[in-house]
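Undergrad: Take a look at this one; I'll ask things after.
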Amino acid sequence: MSFPVAFLLVLFLVPFTFATNNLVVRQKELEIVIGGEVSVNFQIKNHTSQSLNATRISLSQSPYISHPDAILVDNWNANVTVLGSQLVSGAILEALNCTTDGSITCPLDLEDAFARITVIRSHFLAILIQIVGWTYFFAWSISFYPQMYLNFKRKSVVGLNFDFLSLNLVGFCAYAIFNLLMYYNSHVKNEYNIVNPRSPPPVLLNDVVFAVHAFLACFITILQCLFYERDNQSVSSKCIALMIVLISFGFCSAAATVLRKIQLLSFVTSLSYIKMAVTCCKYFPQAYFNYTRKSTVGWSIGNIMLDFTGGTLDILQMILQAVNVNDWSAFYANPVKFGLGFVSIFFDIIFMVQHYVLYPNAEVPHNEYHGVDNPNPDNIARDAEQYAGDSESMESTEPIIVHD
């Protein structure tokens, strides 16, 4: 047998050689109401001996859940009934050890023999949490479209700050790569599991979809800036400098990973820092731009309303989850998530005040906005020259006023 063929056979057979006598729990996430019960199934996979069918499995103990100390395997399965004693966000039930035929050495691989059990206050709250979660996911996902539609309708991006757009693109690019690696890359997931054993996955498929979709939406909006009227707007030198710093930080982290100075998980984490920095900075340019123009024309209030809805519901979901399991650690153990959500809501309120209170009757200097047709500036000048006559002023053309 040639070496390449033998090598391929070894690669193919190695997983099956070592993936034997595994004790597994298929349903890793379980949820029960306090005082309720749930059955947890342990199963032996790829067994190599009939004697394993009489294995005694010792289980971990927790003050939040009640169950027998040990269970016996029957027909390669062992079931245990767990009672929810106290509210908890995720108690771990795991196989600690096992014995077979009086042997003190456990012949089973117990690495995957665990389940996370959440004891909740109410199923109604659990359903409400899911509804709120999907609602804010939907609100955030479509929040990019009002601005794109407004740009398309006006054939203009005047009023949309380019610093905000540029920072948003950098932030969501980093966030998309972060989610893709955390969800799909096996090395990243293995490193995360080593650092955070028995923890639920930090990134779900909907996180990946949202991040990639947000990046594409930002990219399309920037393409609109290349083709539509933009007046003399450009990306400021301060924004360019900040983006260079953020991108350089990402590349340096990537280089350190390639040179094995840091782990791949550390590089992925650095991408989340870029997103956090962008979120803290990106709203300032647009808010100041609206202030200097004394107008929010060109800046979609629909985008803000949807973002405000998503941010508010996100925090509401955190509150409902905390109430349902009597665990408020999400607010102080992970202050970054709560803080970034609060920053977004704070600026959304500022934008709403600017739009509805400070500058509600701003003049529209462009061709169309909210269905109101406005005179072309060139036509105004030409008509003024034609009909001014002896008039000393060309101020006869009044601006169109938009009343929201």
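Quick reminder: no glycine exception, Cβ is built from N, Cα and C everywhere.
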Undergrad: Quick one: which of Asn97, Asn290 has N-linked glycosylation site in Swiss-Prot?
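TA: Per Swiss-Prot, N-linked glycosylation site applies to Asn97.
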Undergrad: Look up the topology recorded in Swiss-Prot and say whether Phe289 and Tyr359 end up on a common side of the membrane.
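TA: According to Swiss-Prot, which assigns topological domains, Phe289 and Tyr359 fall on the same side of the membrane.
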Undergrad: Pick from Asn79, Asn232: which does Swiss-Prot describe as N-linked glycosylation site?
TA: Asn79
Undergrad: Counting only pairs 6 or more apart in sequence, are there at least 3 Cβ pairs under 8 Å between the transmembrane segment (338-358) and the transmembrane segment (264-285)?
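TA: Contact confirmed: at least 3 Cβ pairs fall under 8 Å.
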Undergrad: State the residues, same chain only, that lie 6 or more residues beyond the ends of the topological domain 'Lumenal' (260-263) and have a CB under 8 A from a CB inside it; answer 'none' if no residue qualifies.
TA: 191, 253
Undergrad: What else in the chain is close to the transmembrane segment (239-259), if you only count residues 6 or more beyond its ends and a Cβ gap under 8 Å?
TA: 162-163, 166-167, 170, 174, 266-267, 270-271, 273-274, 277-278, 281, 285
